[in-house]
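Peer 1: My questions all concern the structure below.
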Amino acid sequence: MKRVSEQAGNPDGNPQAHVPGMPVIAVIGDGQLARMMQTAAIELGQSLRLLAGARDASAAQVCADVVLGDYTNYDDLLKAVDGATAVTFDHEHVPNEHLTALIDAGYNDQPQPAALINAQDKLVMRERLAELGAPVPRFAPIESAQDAYDFWTLTSGQVCLKARRGGYDGKGVWFPNNESELTALVSDLSRRGVALMAEEKVGWSRELSVLVARTPSGEVATWPLTESVQRNGVCAEAVAPAPGVDPQLQQRAETLGEKIATELGVTGVLAVELFAFANESGAEDIAVNELAMRPHNTGHWTLVGSVTSQFEQHLRAVMDEPLGDTSTLAPVTVMANVLGADEDQRCQWASVPRSGAPVPATKVHLYGKGIAQGRKIGHVNLTGEDEEATRRDARLAADFLVNAAWSDNWSAK
């Protein structure tokens, strides 16, 4: 159950924060995604109300109306959504039965639980995508050690074991080295009540994502394919448009994303995470990895690199307003995550004024989080003409925000 800390202030929110007649969107979640929605809401003339676990949570620091509560508690959800024009999320972990109850009570969930279940349960997602003919690896439910053994045999040991629910940034995923390790894992996790599935490992060459926005009325808009680079299971950087993508593959990915959004009834932003690999003819091909029905880490570049950011678009979509232009504003945009390290670190806030000195176009976004190893505490966005140079400068600026020192002979003036 999520930690709830009242601290100072009214735990039941601040209704006076909203101008009469202004649409109120209830956001279930208090992380950096909700934090960045708040900026977009101000520009759109919308007002947000958060359901947050703590007054000092990332989004709660910047939102005037915060209801303190637990997203697994239906009564707390009711407090947060009372009077809201629409209800949306910055994570997929709200119990589906609670979301269904909200709809039955007359609230406007966007996306709706029938769509969101495909981002909550990986087996449900795989089964539905297979029905749609989307490219997915072989998969199977794993309910016993025998199931695990059978799948190991079927795939010649190319097994990725996953928790069906939860898990992100590399958590809830296991790559057993042998059959006995797999069956031991399954036995242990099953005893602990973890529902499991297995997939055949994909020999991928890089990771891509396509972001799609869809309104309840059915309008759809997509951004160009993005390449993401993972380090230790965590997204370290994203580059858009993804370099070296064949135009036909770009079109196929966009069509795939739009089909998934439409057929699943997704509203708001949908991120379709993709594995890229070489097919039998040697051409780059794609398979679906996972889905996220909310703004996504690989879409943060849109804050500076697109006419319409993913955060603005998400709020437009859940309100069933016309979608914005998704055209790019530069030949290349790079997002570099600011990740906490495990060594002595300087205060990242003190580093902000100097982080963009060598490249003034650097845009810093910090999340108001404490530093922990590997934790996403912010990101840097940078647009440019040259992919290699833009990647280098974005990485160095992100590194400086953690370590307060320039690496690779890059120095502030």
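Note: Cβ is positioned from N, Cα and C throughout, glycine not excepted.
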Peer 1: From K79, K162, K363, grab the residue that Swiss-Prot records in the same ATP site as K122, E199, E200, K201, V202, E207, N289, E290.
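Peer 2: Checking K79, K162, K363 against Swiss-Prot: the ATP site match is K162.
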Peer 1: Are there any residues at least 6 positions away along the chain from E199 (ATP binding site) with a Cβ closer than 8 Å to its Cβ? List them or say none.
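Peer 2: When sequence neighbours closer than 6 are ignored, E199 (ATP binding site) has R126, P137, R138, F139, V159, C160, K162 within Cβ distance under 8 Å.
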Peer 1: Can you tell which of K122, K201 has the most other C-beta atoms within 10 Å, given these are the binding-site residues?
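Peer 2: Answer by Cβ density within 10 Å: K122.
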Peer 1: Fewest neighbouring Cβ atoms within 10 Å: which of the binding-site residues E207, E290?
Peer 2: E290
